[in-house]
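**Q** Quick one: this structure, given as structure tokens, is what I'll be asking you about.
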Amino acid sequence: MATSVEKAGSVPEHCPGTESANAGKASACAGCPNQQICASGPKGPDPGIQLVKERLEQVRNKILILSGKGGVGKSTVTALLGRSLAAADKERNVAVLDIDICGPSQPRVLGALNEQVHQSGSGWSPVYVDDNLSVMSIGFLLSSPDDAVIWRGPKKNGMIRQFLSEVDWGTLDYLLMDTPPGTSDEHLSASTYLSQAGLTGAVIVTTPQEVALLDVRKEIDFCRKVNIRILGVVENMSIFVCPCCKRLSEIFPAATGGAKKMCEDLKVPFLGSLPLDPTIARYCDEGRDFVGDLPNSPAVDALNGIVTRLVEMCDSKEE
Amino acid sequence: MLEGVKHVILVLSGKGGVGKSTVSTQLALTLKEKGFKVGLLDIDLCGPSVPYLLQLEGKDVHQTDGGWVPVYADNDQKLAVMSIGFLLNSRDSAVVWRGPKKTAMVKQFLTDVCWGDLDYLLIDTPPGTSDEHISVMEALKAVKCDGAIIVTTPQQVSIEDVRKEITFCKKTEIPVLGIIENMSGFVCPSCTECTNIFSKGGGEALAQLAQVPFLGVLPIDPRVGALLGKACVTELPDSPSAKTFNTIVQKIT
């Protein structure tokens, strides 16, 4: 599968692939601007893939949270899913890994700002926000909230490899990986490194309006190109209930039928909709436990439905 | 590179989905309405939104001796647009590229598009502080760049990423023209009660903290999102958004 990732872009027709023993030497390589790099580079699959596989052997379900579009609530949905999975069953071990290197949000959303990561003989210890919910993010490694991580792809790649191969998660039932928007380095790196470790699949988050769906369709195309199973789509910020008059408003109008229609068109499972609830935004800003504090709100209701379907989807593969 | 362009303005945000593309297109349209010749370059390669927001999907870029001819959004050719969206076969296909390829594309957009004479070139960026941003900054070192407009939403989780973007601007010595706070409060159409869905005032507080100018507040208004190529200042002249766009344009021109 790793080669299919490397070949996902528009490579010349007879390119042997960068990992092939023939890289840079095949007849098709003559005249290719990358010939020298390919010929002199290390051969064979990245050793990181094996390290990641060994490290994540005790992790039952590995789920990527993706969205082509930014700001649709990937981090919020990841945190809510994590909290909900952890709260539903105290025996279940859940972890959140934030691979958004340039804009990490998990420390804030999960209320772990200013926490530190400790290094031990068995690797980095993640930060525990609950007995059975741990989190790892580059946010814990920065000295100030103003610190910008101005990195090009290869450095981000190295960081993701470290996160995947050097964090001591222990035994986990669910590892949720929160990603940055787009279909680029972070996504390719994560899917390459996880190729041997058995990635369960991806949850795709979107909002209802066309400008978001446009990018999300690209993300679904990406998943298909690199062979990631789509566990389902979550529609976030779907309906807003005015707290004063209870009138429903579509803030991000689903002019083209919203996520449900897109799922039907593209034949991917639809997991459910989450309403636009200002309390969620506030709870996220303050890092409080929305699921535990407001168990009767319509959003938590909807969330529980989504989690149930997600668990079913994950288990259905294992049969 | 960009010889005929008088002013270059970047639209940045550390956070995604805060409205960079909406703000960029509306600013471009507002500038055009004021009589300027405007160019809009979309360097969000993995998620180009400008073609949709200006209803230019399916238009083609033509190649001439002088370079790529941008797509014009109007008959008078006063708003020129360039985006990777025009180069894709299908609107659903993903651009799965690592950094070096994105860098090359961004450079090509800056050097090979024949914009002609422009008063303003607005550059819409993807979220983050990575390849596209570094490339565009490096390329623009040779050209006079007026500065960056930073878009944010009011909640903390967005402000946090935007602080990183300001640090990025400081490190790369790009002046910050100001901060725009988008999605600040939603006025219910039936009871006119204003709900601060993503809280309020974060952008202004950030501007004070970082000591950069504050350009204005844009409320959540689904009508603006539905404009698709029409200028807010002409279609909804009495809306608070139109007023803000007018003031912002006054401040930056």
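Backbone N, Cα and C atoms are what each Cβ position is placed from, and that goes for glycine too.
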**Q** Quick one: which of A:1-20, A:41-60 does TrEMBL have down as region 'Disordered'?
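**A** That would be A:1-20, per the region 'Disordered' entry in TrEMBL.
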**Q** Among the binding-site residues A:C15, A:K69, A:C242, which ones place their CB within a distance below 8 Å of a chain B CB?
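**A** The answer, in sequence order, is A:K69, A:C242.
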**Q** Same-chain residues six or more away whose CB lies under 8 A from the CB of A:S75 (ATP binding site)?
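**A** Long-range Cβ contacts: A:D98, A:D100, A:S105, A:Q106, A:V109, A:D178, A:C284.
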**Q** Quick check on the binding-site residues A:C15, A:C29, A:C38, A:V72, A:C242: which one has the highest count of other Cβ atoms within 10 Å of its Cβ?
**A** A:V72
**Q** At a 10 Å cut-off from the C-beta of A:G70 (ATP binding site), count the other C-beta atoms across all protein chains.
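**A** Result for A:G70 (ATP binding site): 26 other Cβ atoms within 10 Å.
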**Q** Give me the count of other Cβ atoms within 10 A of the Cβ belonging to A:G73 (ATP binding site).
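**A** Taking all protein chains shown, A:G73 (ATP binding site) has 27 Cβ neighbours within 10 Å.
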**Q** Relative to the Cβ of A:K69 (ATP binding site), which residues of the same chain, six or more apart in sequence, are found under 8 Å away?
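**A** Same-chain residues close to A:K69 (ATP binding site) (Cβ under 8 Å, separated by 6 or more) are A:P181, A:T206, A:T207, A:V211, A:A212, A:L214, A:D215, A:V216.
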